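Scroll down for the structure; my scribbles are underneath it.
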Amino acid sequence: MDHEADAFRDLMTITRFVLNEQSKYPESRGDFTILLSNIVLGCKFVCSAVNKAGLAKLIGLAGDTNIQGEEQKKLDVLSNDVFVKALVSSGRTSVLVSEEDEEATFVESSKCGKYCVVFDPLDGSSNIDCGVSIGTIFGIYTMEHSDEPTTKDVLKPGNEMVAAGYCMYGSSCMLVLSTGTGVHGFTLDPSLGEFILTHPDIKIPKKGNIYSVNEGNAQNWDGPTTKYVERCKYPKDGSPAKSLRYVGSMVADVHRTLLYGGIFLYPADKKSPNGKLRVLYEVFPMAFLMEQAGGQAFTGKKRALDLVPKKIHERSPIFLGSYDDVEEIKALYAEEEKN
């Protein structure tokens, strides 16, 4: 982009966007804006580390082959450290739940704030070596009391989240965010170092022609999932078959589903009867975004955002995407329940 030639354009950065949203609420003190700024900073840091990872491993930048190689292997740990520090230093968080940490992190009272953040610092990190898109997923809750924070402050249904999003590190770095009033996508301009609004008010198509699932697990699926995937491949109503697209990185698969429509499935199976994806920092944020974009998210039993987790690393099956596509698999589960 020629920034001098396009200087007249009204570039909406993510900070300006959130400040504009904040101005709609006169009682707002800017706490959420500060918190989000720190999340954005974490995303920029991780994006830079991910982009250098393969190069550092191959040629050893500045001769630090061993150190860089070690960092490459532990990029998910590095990402976790970055986000924990960014969130604590914001002074706006009280409880942090990360995919990398067995226990929740409770922020000391001198730096404590009113928000609880659940996150997966680097989802799909096993794909780093082959250059596949990976990402950070996050969800934000508000503490409704001034008592000592506990895990109960995050063990709440997803419909109580105040914001959710993900940052995808791929051919471009894109942050997709919802604060409960629609879904917006921001792309990182490397020359500016700013996330610019490039995808305002994202709406998922009502029906799609893509399904996304790991068919390697097909022999272990339940009846409704098996029937649904068969319908996708061999429709009996004369409609064209759906195309299979599966990256194996949740952020990449959900991002494509959000933009192009279709359905993402990660069902329970005989090996993982409770599902594989974690409720708090994978299922809930993605379900929140899908609903805000006009889609649906279903667990096989209920609306995903109505789940009430009992443990911070609890797992669940998930079916999310275009409204009509999810409606179809819901009907198959309802049919099985009747029988």
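Including glycine, each Cβ sits where the backbone N, Cα and C put it.
Feature annotations, courtesy of Swiss-Prot:
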type    : residues                                                       : note
BINDING : GLU70, GLU99                                                   : Mg(2+) 1 binding site
BINDING : GLU99, ASP120, LEU122                                          : Mg(2+) 2 binding site
BINDING : ASP120, ASP123, GLU282                                         : Mg(2+) 3 binding site
BINDING : ASP123, GLY124, SER125, SER126, ASN214, TYR246, TYR266, LYS276 : substrate binding site
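Here the features listed in Swiss-Prot are placed on the structure.
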| residue | record | contacts (Cβ under 8 Å, 6+ apart) |
| --- | --- | --- |
| GLU99 | Mg(2+) 1 binding site | ASN80, PHE119, ASP120, PRO121, ASP123, ARG278, TYR281, GLU282, HIS313 |
| LEU122 | Mg(2+) 2 binding site | VAL46, VAL50, LEU75, ASP76, SER79, ASN80, ILE134, GLY135, THR136 |
| GLY124 | substrate binding site | VAL132, SER133, ILE134, GLY135, VAL247, GLY248, SER249, MET250, VAL251, ALA252 |
| SER125 | substrate binding site | LEU75, ASP76, SER79, ILE134 |
| SER126 | substrate binding site | none |
| ASN214 | substrate binding site | TYR246, GLY248, TYR266 |
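When the neighbouring Cβ atoms lying within 10 Å are counted for each of the binding-site residues (TYR246, TYR266), the highest count belongs to TYR266. Binding of substrate is attributed in the record to ASP123, GLY124, SER125, SER126, ASN214, TYR246, TYR266, LYS276, and the widest Cα separation among these residues amounts to 18 Å. A simple way to gauge crowding: the CB of ASP120 (Mg(2+) 2 binding site) has 29 other CB atoms within 10 angstroms, across all the protein chains here. Other than ASP120, ASP123, GLU282, the residues of this chain whose Cβ falls within 8 Å of the Cβ centroid of the Mg(2+) 3 site are, in sequence order, GLU99, PHE119, GLY124, GLY135, THR136, ILE137, MET250, VAL251, LEU277, ARG278, TYR281. Annotation note: GLU282 (Mg(2+) 3 binding site) sits in a helical segment as assigned by DSSP. For ASP123 (Mg(2+) 3 binding site), other Cβ atoms within 10 Å of its Cβ number 28. Taking Cβ-Cβ distances under 8 Å and a sequence separation of 6 or more, the neighbours of LYS276 (substrate binding site) in its chain are TYR266, ARG315. Classification of LYS276 (substrate binding site) by DSSP places it in coil, neither helical nor stranded. Excluding the listed site residues GLU99, ASP120, LEU122, the same chain places ASP76, SER79, ASN80, SER98, GLU100, PHE119, PRO121, ASP123, SER125, THR136, ILE137, TYR281 with Cβ atoms within 8 Å of the centre of the Mg(2+) 2 site Cβ atoms.
Annotation note: TYR266 (substrate binding site) sits in a strand segment as assigned by DSSP.
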